[in-house]
Each structure stands twice: as structure tokens, then as C-alpha cells.
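Asks: Here Swiss-Prot flags E361 as active site, proton acceptor, drawing on sequence analysis. The Mg(2+) binding site annotation in Swiss-Prot covers D318, I319, E361, and the record cites similarity to another entry as its basis. What Swiss-Prot records for 310-445 is domain 'GGDEF', and it gives sequence analysis as the kind of evidence. According to Swiss-Prot, the feature site 'Transition state stabilizer' maps to K323. Look at Swiss-Prot and you will find 29-45, 96-111, 170-195, 241-254 tagged as topological domain 'Periplasmic', backed by a curator's inference. Per Swiss-Prot, the feature transmembrane segment maps to 8-28, 46-66, 75-95, 112-132, 149-169, 196-216, 220-240, 255-275.
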Amino acid sequence: MEKDYLRISSTVLVSLLFGLALVLVNSWFNQPGVEEVVPRSTYLMVMIALFFIDTVAFIFMQLYFIYDRRQFSNCVLSLAFLSCLIYFVITVIIIQQIIEERLTSSVVQNDIAIYYLFRQMSLCILIFLALVNKVSENTKQRNLFSKKMTLCISLFFVFGGPIVAHILSSHYESYNLHIAELTNENGQVVWKASYVTIMIFMWLTLLSVNLYFNGLRYDIWNGVTVIAFCAVLYNISLLFMSRYSVSTWYISRTIEVVSKLTVMVIFMCHIFSALRVTKNIAHRDPLTNIFNRNYFFNELTVQSASAQKTPYCVMIMDIDHFKKVNDTWGHPVGDQVIKTVVNIIGKSIRPDDLLARVGGEEFGVLLTDIDTERAKALAERIRENVERLTGDNPEYAIPQKVTISIGAVVTQENALNPNEIYRLADNALYEAKETGRNKVVVRDVVNFCESP
């Protein structure tokens, strides 16, 4: 988990530094003559960067919802990022209009401010709806809104919000909402404090509610905390636009970009971690937590198909008279015996050896880079450890001593398929059990001749 986090964080950091360098270079070569304004090309670059970041976040959250449909809150959270995408597209179109000199700077700045206000409100409200669903999922309580109603409300803010913002923009003068305007000095933008205060209050409320219910756990909702906290910071900066227009804009947009990148890292790490857990569950035996039969055969297939000529060994182990243990002491004790034997085998083999449960009381071990003599010595050590440590040992709470029989085959040929190799090891195990149990039979595949 930590390695994935470091790799993704490093990639994001390099991308961020590269992006900031492009913005600074662009601003340097596009310095205005009289007005102290942000170059429109720089504005476009930032909007496009935020667009792609939110696109990645939207896709990841949708995939995570498809992966686990019980987490409906992830679906609502993905719609929050989708709403941002719509507003970013509209903002880019508006900026293009002023570049083509279709509208005055004052009108365009006010329209941009309107869509920014609605983008912030939609993002905050949709995240809040997702949070409400998450709390109900965690507490198993009935949600205030049904999933269908929540989805309808979310879709209204995703698609209805831009329509309302369009009506309140310069396209309809009778409904035009005046949020920001250019000052007479240096063309700086001044926001009305009341609208900024509303946004700050909404984000502070969301931040407080999220911290109350989710705390600072390392999961997706930790990313929501980052979004809300940074939104408070860069919206507070709007209050100082009248005095420090350009520098404040760069600071606020940098905070927003960094916060979105941080959230993307958190989302990716969380989702990759969840997928790893699922994969691990699919490959593990639920009782012993060692690998299961399917994983063992997959690894055996890979090993047998390898072009390397290094010898490897397949061991099959079986607990002697295990049915008698179950009949005498019951299945719970039988399960404890299985876990005890697994623990002893795990401590007896090498760190790189693969241990799996291939049957009820049967276990398989795949060992690489080992010859016949070393395989026989290792198998004997395993057998002796099981016999010795299960007798009168307070470390293992089992009522009687148990023994195991081991059959093994060593080969370095890749002519045999996995089933044939396993069958040879199983035949060696059969020989060990038929000739007295509690013993080891190891065969080299070249010298092992089966009876017809």
C-alpha cells in the first residue's frame, strides 16, 4: 500500500511541477501591458488541467461503484465530479468568446463568476448527498431519501444547475445575476462578499459534518476532507482579489489543482487497495489464510512453463488419521489441528516457498531452486517438527500429537504439464501412507517410474 502511494504521489508531483512550469512560462511570455490580469491562455490551461483531473476522479468512482454496487454513495460522489466537468466546458467556451472579442471583459468575468459559484455549490451539495448515503450505509439505518430520489436530486444539480446558471448569466439580461465586476484600476476583478461568504459557509459545514462522521481515516472520505478544506482556503482568497488580483488568482488555483490531485491519489490508492484485498481473498483459504488450490496450480503452471532449467520441487502433505481426530474431538478441534499444522509448516519452509491448502487436510508446497537431497532434508524437517511440536506443547492448544505423510517430486524438465507433476507427487504421498505413514517419500522425476 505504501509503495503504491509513493509511486502515484511521485508521478502526480512530477506532473504538477511540470504543469506549474508551463503556466509560469506562459504567463512570462504573455505579460499584459497595462492591465494586471491573468493571461487567458493560462486560464485555459488551468481549466483544462482541472477538467482532466475531475474526469479521472469521475471514472475511478464510477468503476468503484460498479465494483461494489452496495456503496451507492460512490455513485453520487462520481456525479459531483461530473458536474464540475460540465462547468469547466462552459467556462472554456466563455473564455473563447472573449478571445474572439464577442463579449466585453466585464460581462465575461461576471459570467465566469456565476458558473464558478454554481460549480462550487453543485460540488458541495452533491458531496453532502453522498455523505448522507455513506452515513446510512455505515449505520445500516434507513436513508432520508431513497436511492431513486437521491439519484434524481443529484442529476438535477448535475444538469439542471448549468441551465439555471445560464439563465442568470448575460444571455438573459432581465435575470442577470451580478456577482463580480472589473474595477477601473488595472482591470482587477472584485467579488461581492456575500456570495463568497455563502460558498465558504457551505464548505465549512461540509468539512465539519464529514469530520464528525468519518474522522481522518485513510480512505475516500479523507479525500473529501481535503477537497472541503482547500475549497475554504481558495474561496477565502476571493475576498482579497480587489487588492492582489493576479497573485491571489495563482495561489487560489494552485490550491485547487493540488487539492484535486491529492484527492485523485487518495482515490486511486484506496481503489487499488480494495482490488488487492479482493484478489487476495480469491486466492486465500478462509480457514488458514494460506493460498488455495487454484492459486497453487496457477503458480505450478507458471513454474512448469518456465524456460529456466533450475530444479524445483512439489510436495504434497497429508495429516495422518485426520478423520479419527474429527470423530473423537469434533470439527472445531479438527480445524485447530489444521491451523496448527499449517503454522508449523510455514515456519519450517523458506520465505520464498509457496504453501497452499489443496484439500481438506492436504497441503502443497512449491519450492524453487532446490535439488533432491535438499528437498528430502527439508521434508524430513517439516515432518519432524509437526510430530515434535504438536505433542505437549502449550503454544498449540490441540489435545493430541499428530503426524503427517509427505510425498514429493523434484524436476527441472518442462516437458510435463502441471497435472502430471502433481500426480507424481500424489503417488509419492500414497506410497508414504501405504508404507506406514509419518514418513517422507521424495522422487526425482527422471528416476521415478510408475507401475503400468
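Glycine too: its Cβ is placed from the backbone N, Cα and C atoms.
In the displayed structure, how are the listed features positioned relative to their neighbours?
Replies: Secondary structure at E361 (active site, proton acceptor), as computed by DSSP, is coil.
In three-state terms derived from DSSP, I319 (Mg(2+) binding site) belongs to an extended strand segment. Summarising the environment of I319 (Mg(2+) binding site), the number of other Cβ atoms within 10 Å of its Cβ, over all protein chains shown, is 23.
Per-residue pLDDT, averaged over the domain 'GGDEF' (310-445), rounds to 90.
For K323 (site 'Transition state stabilizer'), applying a Cβ distance below 8 Å and a minimum sequence separation of six or more within one chain yields no residues.
If you look at the transmembrane segment (75-95), the same-chain residues 6 or more away from its ends with a CB under 8 A from one of its CBs are 40, 43-44, 47-48, 50-51, 54-55, 57-58, 61-62, 65, 103, 108, 111-112, 115-116, 118-119, 122-123, 126-127, 129-130, 133, 150-151, 154-155, 157-159, 161-162, 165-166, 220, 224.
Nonlocal intrachain contacts for the transmembrane segment (149-169), taken as residues 6+ away from its ends with a CB within less than 8 angstroms of a stretch CB, comprise 72, 75-76, 79, 82-83, 86-87, 90, 110-111, 114-115, 117-118, 121-122, 125-126, 129, 132-133, 143, 175-177.
Tertiary neighbourhood of the transmembrane segment (220-240): same-chain residues 64, 74, 77, 120, 123-124, 127, 131, 134, 191, 193, 196, 199-200, 203-204, 206-207, 210-211, 214, 248, 251-253, 255-256, 258-260, 262-263, 266-267, 270, selected by CB-CB distance under 8 Å and a gap of 6+ residues from either end.
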Asks: How many other Cβ atoms sit within 10 Å of the Cβ of D318 (Mg(2+) binding site)?
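Replies: A 10 Å sphere around the Cβ of D318 (Mg(2+) binding site) contains 21 other Cβ atoms.
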Asks: With DSSP helix as H/G/I and strand as E/B, how many residues of the domain 'GGDEF' (310-445) fall in helix, strand and coil?
Replies: 61 helix, 32 strand, 43 coil
Asks: List, in sequence order, the residues of the same chain other than D318, I319, E361 whose Cβ lies within 8 Å of the centroid of the Cβ atoms of the recorded Mg(2+) site.
Replies: M317, D320, F322, V341, G359, G360, E362, F363, I404, S405
Asks: May I ask for the distance between I319 (Mg(2+) binding site) and E361 (active site, proton acceptor), taken between their Cα atoms and rounded to an integer number of Å?
Replies: 6
Asks: Mind giving me a neighbour count for E361 (active site, proton acceptor)? Other Cβ atoms within 10 Å of its Cβ, every protein chain shown.
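Replies: A count of 20.
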